[in-house]
Amino acid sequence: MMVRFSRVLERGSVFAAFLRQKDWSSKFTTVKYSSTKAEPRLHRMEYQDAVCTLNTLQTNACALEQVRRERGHPQLQLQAMRGFLERAGLVVEELDHLNIIHVTGTKGKGSTCAFTEHILRSYGFRTGFYSSPHLVQVRERIRINGKPIGKELFTKYFWQVYGRLYETKDTHGGSMPAYFRFLTILAFHVFLQEKVDLAVIEVGIGGAYDCTNIIRRPWVCGIASLGIDHTSILGDTIEKIAWQKGGIFKPGVPAFTVKQPDGPMMVLKERAKEIGCPLWVCPELEEYPADSEPLRLGLAGHHQRSNASLALQLSHSWLQRRCLPDQSIPSPADESKGVSPAAGFQPSPIMAKGLEDTEWPGRTQTLKHGPVTYFLDGAHTTRSMLACVSWFSEVASQHERTTGGPVVRVLLFNATGERDSAAMLKLLVPCHFDFAVFCPNITEAIASCNADQQNFNVSVENMLTRCLDNQRSWRLLNGQEEKPGAQLLISRDALPLVAAERCSKTLVFPCILSALQWLSQGRDSVLAHPDKRVIPVKPSVTAKAAPLRDAAGIHVLVAGSLHLVGGVLKHLDPSFAS
């Protein structure tokens, strides 16, 4: 099938020209900076200028060379990170003052961090929280007291760090840190400048060689549920992945893990013993004594219970050190095993309230917009998708019982990178969706697309081809034969203006907005707002939506990618766009 396309965004040419200026360094005072000294200033630069400049680090030629050079020598990654940190005016020893809680895992590490941060903030501590990825705006990754830092603050600190790195790049072979490295350095700088009492740091990928692992002396470490992900970097078995995750252990620093399968648990035990780190296994949430009512969680889904238990242990350990600094860290009871069960203490009322009030958008989140209910979960591995299916099946059924009429179920799906889309889609088949909709992680096919959500590492062709592959997998999983000769021809610098259709119940759309507008059929007042540009579709595609117009309710599961969830939230929740 031939589909017409519109032009995609060009990168910010203003910023490209700006970066090519030969007199960049003249805009700054040339002195050696520490994190507490006066910063270099770049005047008249706005938040979007900073984000567009940050985006250049996604495909920076030096960054690509770093990856090639370091792939066979992962220990070089931490060495390079220390160098970038020093060029930014920081030294590793300064990070000791952040009283860090360092958390890794394959599934649930972000939720664990959110629970932990909220508990300790509830005690009155000033918290810093570094997480990834962001849903809508990049500043979500760096939070003070639970809120993303403001645009003005982000812009101020961004140019401080970027300027110091840029003015020293010529003496370091022209190197600049890649995107995630830069943001990690920026987070450390922000937390030091803002004088937080503690920083909750979520690992990016793995642990041992992740750039967050330049931390020397965290106060406590945590490992959430382990599974298979990022196999090209971490290894192709869960045991290899466990070895990487255990790399955040530090000598004498207490560490906690949720219960793991036998293989990875044994690896974690060996890593803890080798490093000299006391390791405890968290109890089930039901094992914590309670005065009357059981603990309630602000995040839905049974899988969040192990994350909450880990958060209780991390916050309890941190509070013990803060309030009882002279108390020695006990060793695990069974030295031969190198691990012990952690005690199920009675959570304080503040802890219980912290768990109940925790919010973490895009993870088992429900949004009701009139007759359209959205169920959002950034599950992107088979294990997390299993948890997502369990949560969705339960909560959607509860909603359907109170709808008062027929409900149409819609799946909105995308997956990126090396994820096994077919395996995740197979797990979703039992949910009995009436429609399966696929789209790339492009918020809207117009030139006002937010720079925060631009990704220059993946071409439009690849994104759309992936959507078509996902559609083909879904059809095959549902016993539908593939139509021979059906194809989508993709122009290099274009996006489709209309939906691509192949069968009665699956559709591919060019962007998130067009997918949302079709599946909601004008019944979501937020999407039907006059300010929203309506993406045109073919009459035959509109005709297929008759069940959506007639149903008493529309239930939409958005899953497969946190970036997809973020793009959806940008359109559904105005607070994310401000």
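Each residue, glycine too, has its Cβ placed from N, Cα and C.
What TrEMBL says about this one:
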BINDING   SER132, GLU202, HIS230  Mg(2+) binding site
BINDING   ARG363, ASP377  ATP binding site
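Distance noted between the C-alpha atoms of SER132 (Mg(2+) binding site) and ARG363 (ATP binding site) is 13 Å. Looking at ARG363 (ATP binding site) and GLU202 (Mg(2+) binding site), their Cα atoms lie 16 Å from each other. All chains included, 19 other C-beta atoms sit within 10 angstroms of the C-beta of SER132 (Mg(2+) binding site).
When the Cα atoms are compared, GLU202 (Mg(2+) binding site) and ASP377 (ATP binding site) turn out to be 19 Å apart.
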